[in-house]
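Features of the protein shown, as given by TrEMBL:
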| type | residues | note |
| --- | --- | --- |
| TRANSMEM | 7-27 | transmembrane segment |
| TRANSMEM | 47-64 | transmembrane segment |
| TRANSMEM | 76-96 | transmembrane segment |
| TRANSMEM | 102-124 | transmembrane segment |
| TRANSMEM | 136-155 | transmembrane segment |
| TRANSMEM | 161-182 | transmembrane segment |
| TRANSMEM | 189-206 | transmembrane segment |
| TRANSMEM | 218-238 | transmembrane segment |
| TRANSMEM | 250-270 | transmembrane segment |
| TRANSMEM | 276-300 | transmembrane segment |
Amino acid sequence: MVKFMNKIPAGTFLVPMLLSALLYTLWPNLFSNLGGITNAFLGGSGTNFIIGLICFCSGIGINLKTLGKLFKRHGVLLLVKLVLTVGFGLLFIALFGQSGVFGISALAFIVAICSMNPALYISIVNDFGDEVDKAAIGLVGLFGIPAVPMLIYAISGQGEIAWMPIISTILPLILGMILGNLDKDFSKIFGAGISVLLPILGWNIGQGMNLIEGLQSGIYGIILVVVFYVLMSPLVVVDKMILKNDGVAALSMNAVAGVSASFPAIIAQVNPGLESYVTSATTQIVTLAIITILVTPMLARKLYQQTHKIDSK
């Protein structure tokens, strides 16, 4: 089983997630009915804790001397991501309004382009990246919360931004950095934490992904997938042409988190005028998440093989 997972890009994350999603689709209340420790371990309620622990383990491995390199690369990439998402989001609203175009509302479009999947990112760079790439998980996590979509709506005069989710995303990483630099022996305890946690994280994320819902968005979800990859492709160009890297870390950022399917409802709570778009946006985001979670690791492996001249056989 492990050998099979290792043959698949990000397989230790993807295989448990897909098995879990299939089980959740067929029997969504299985673990919640069992309750207790089993539900906490396998029911999906521990996802945020696991992501926080991964951020902490990543922070443990960050040497303060490498922070400059971290921000030079990933800081630039995330700044480009922010500029792209805010720019495209505001442009979409200006051109098409909240109702959008081709069956894609502004709410669905903005949530889609703003999303990153920290879990998939760390899984891919764990296979193809270096220590600096892994250390960026805390920064990538900032796009795994609805802060940027709320920022876009705040700029457009239709919402407000919540700061506490941003702070809570960064704190585990900072705590890990402090402990890791105070005593290097902490890395002996937590150094292998990411590899251990990825299959568990994959399973827990799957306990919230209904595969049937992903099919309900039909052609509109597929259109959103294409739009997402096209608009986010400049990240890879910047990573390769300007930062002179292989582009794998940038490509790894081009996937949508399953939890993003909850963002339309969260944003609509702040802006009740968007409530009529929540259902369609949610199903489209589910489709986008499922497809990008499957496709991005394959693209990342292909790019890595091409860049490093590795035979794909």
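Glycine is treated like the rest: Cβ placed from N, Cα and C.
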Please figure out which one of 7-27, 47-64, 136-155, 218-238, 250-270 racks up the most CB pairs under 8 Å against the transmembrane segment (161-182). 47-64
Interface check, the transmembrane segment (47-64) with the transmembrane segment (136-155), three or more C-beta pairs under 8 A: yes
Whether the transmembrane segment (76-96) meets the transmembrane segment (136-155): three or more C-beta pairs under 8 angstroms: yes
Cβ contacts under 8 Å made by the transmembrane segment (136-155) with residues that lie 6+ beyond its boundaries: 51, 54-55, 58-59, 70, 73-75, 78, 81-82, 85-86, 89-90, 93, 110-111, 114-118, 121-122, 125, 161-163, 165-166, 169-170, 172-174, 249, 253, 257, 259-260, 263, 266-267, 270-271
Range from 102-124, 218-238, 276-300 with most C-beta pairs under 8 A to the transmembrane segment (250-270): 276-300
